[in-house]
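Annotated compositional bias 'Basic and acidic residues' per TrEMBL: 17-42, in sequence order. If you look up TrEMBL, you'll see 74-329 marked as domain 'BOP1 N-terminal'. According to TrEMBL, the region 'Disordered' annotation covers 1-68. The repeat 'WD' annotation in TrEMBL covers 336-377.
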Amino acid sequence: MSHQESQKLDNVNPLETRVEDVIERGDNDFLDDNHDQDEHSESSQSHQAVDESDSSEDEVAPRNTIGDVPLEWYKDEKHIGYDIAGRKITKKERQDKLDSFLASADDSKNWRKIYDEYNDEEVELTKEEIKHIHRLLKGKAPHAEFDPYAPYVDWFKWDDAKHPLSNAPEPKRRFIPSKWESKKVVEYVRAIRKGLIKFDQPKEEPRFYRLWGDDSSSADRTKHLAYIPPPKPKLPGHEESYNPSLEYIPTQEEINSYQLMYEEDRPKFIPKKFTSFRSIPAYENAIKDSFERCLDLYLCPRVRKKRINIDPESLKPKLPSRKDLRPYPSTCYLEYRGHEGAVLSISVEPSGQWIASGSKDGTVRIWEVETGRCLRVWEIGEAVQLVAWNPLPELPVLAASVGADVLILNTGFGNEEEQKRIKELLHIGTPTTDDSDDMSSFLSWIQDEKYDCIRLRHYRTVSSIEWHRKGDYLSTVMPAGESRAILIHQLSKRLTQRLPFKLHGLPVSSVFHPTRSIFFVATKKNVRVYDLLKQKLIKKLETQLREVSSIAVHPAGDNLIVGSKEGKLCWFDMDLSSKPYKTLKCHPKDITKVAFHRSYPLFASCSDDCTAYIFHGMVYADLNQNPLIVPLEILRGHTSYDGRGVMDCKFHPRQPWLFTAGADSSIKLYCH
């Protein structure tokens, strides 16, 4: 093979897998031409001597000079390499696969052609090149005249040489034991006997192990970051038995003495005797307790955080853009003026058409939302602390708190049938007192002739009013540390009942659950969740705040926000923990009110610093995904009066609008 052909063969290095097909199809030609090899061997050698040349003029350089750059870099380019002048070498247009297939069917030599990627051309292999490739694939030499089994030539003369390298006899030390080795062995033996050299003992598994032992300190488990040791409850003793001995059961005198002790010194468990295991009160809730414990372990990875060395910049939360979270209130659109004193409370009608406000000037006003026109005014004569609109559209009545009295006012909206029903509902023949549970001393239902309404007279100032979603029940809160501090009134039957729970602290506010029979009571330190049907405490939320000022429940009912008088806002995920999921320090002064939107993922807080903060709060159905909280906007516009700022805030029930009531005797509407 000529030098030019060998150069061409070297250039075809990254060939396509068509070479295998070429070799297989060329086997027959190779066998046919094999018997002519001996006849033409001498002639081929003579021709080879003539063709071979060492001249550089016979060498053909590759057309494309891309160096050691991979071909993948030119995959999306229109050129492949550069010529000697530095100009780009454009690729040849590749033929369509269908056209190339038809052309190959007509070409008899198509099986010899392969595509050279580096030179961007098709190469037709000769018979001689196919033979060389075939020999290389079989592991043979490329040239047929090469003899791999040539006779061996021994360049050393062995005649009359028994010891070619050395004629010396074997040394004596090879047959005598080494004294140095024996000394080292003695030293090792002495060191082992003295204990200087210790061997690794095989690890033995203990035959017995403690069934109730604490394995949380095991080195094999604690070395992993994600290992969380299971809780180890205290083992029960004789006192915790359902049928203990008589000496463990305290007498009635001892039980009475426990009540005189401080709560931290009082025993946590008092032994009792039961006839059977099924009669234990905890037996009914055993499955539920096991489920809640499994749920805690399932949600535990949401709380545990691994310590990893990462860039501090990556720790900043990647919050979505505010443009993607629209709509939300950002601009003051309308202002309602007419009150002469600070507006203490506002409430929006369920359809969003009207808004009610109560002021320090002793008036209750109803406004039209879209025009700002005042439709009706009630002159109460005393500061109106709270107003709350009934959530039922077919029952347009308004509850207003004036000192220790709560007035149920008829707004006058609705058709004739609704008005007739409202007048019958708000009519009381004679002043009645609720004798149930001896409530006559601190509550009475009175017919108010001046305003043609019902007056609920309490024994203390009412600090919170909240309607039930059905519109027939109304809860009132009085700041007293007694069980009668929270009352629930039924409007249709004119009945009042107190909360059947013991309050631990002064109550601040109360809220009904949006969908279930659950009642939230906020004291100055904690929030307690009660089930009204089963009449028991469900959960106690620890706010870790100095003093709670207001609460609001998410429309789904699983999340809660709490505002405090130190300017902090806490978000509780009740499925996750009884402690705050997020604590936001947003206001420099007291937070007066917090509110959730009914349909949009928005919540707001207002403060005495004359601002209202708008947040995006998205709650997901997946328990493994935490709620998304993003601050959106700070609404300003109110002025401070007598040290007070924004007194109340409420969302529009249908639109992403926010109403704010300020101490500057104005009500503002913020729209998107």
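Please read every residue number as a count from 1 along the shown chain.
Cβ atoms here come from the backbone N, Cα and C positions, even for glycine.
Curation does not apply to TrEMBL; its annotations are automatic.
Same-chain residues lying 6 or more positions outside the repeat 'WD' (336-377) and placing a CB less than 8 Å from one of its CB atoms are 383-393, 396, 398, 400-401, 409, 411-413, 641-642, 644, 647-655, 659, 661-669. Confidence across the repeat 'WD' (336-377), taken as the mean pLDDT and rounded to a whole number, stands at 93.
Counted with DSSP, the repeat 'WD' (336-377) comes out as 0 helix, 24 strand, 18 coil.
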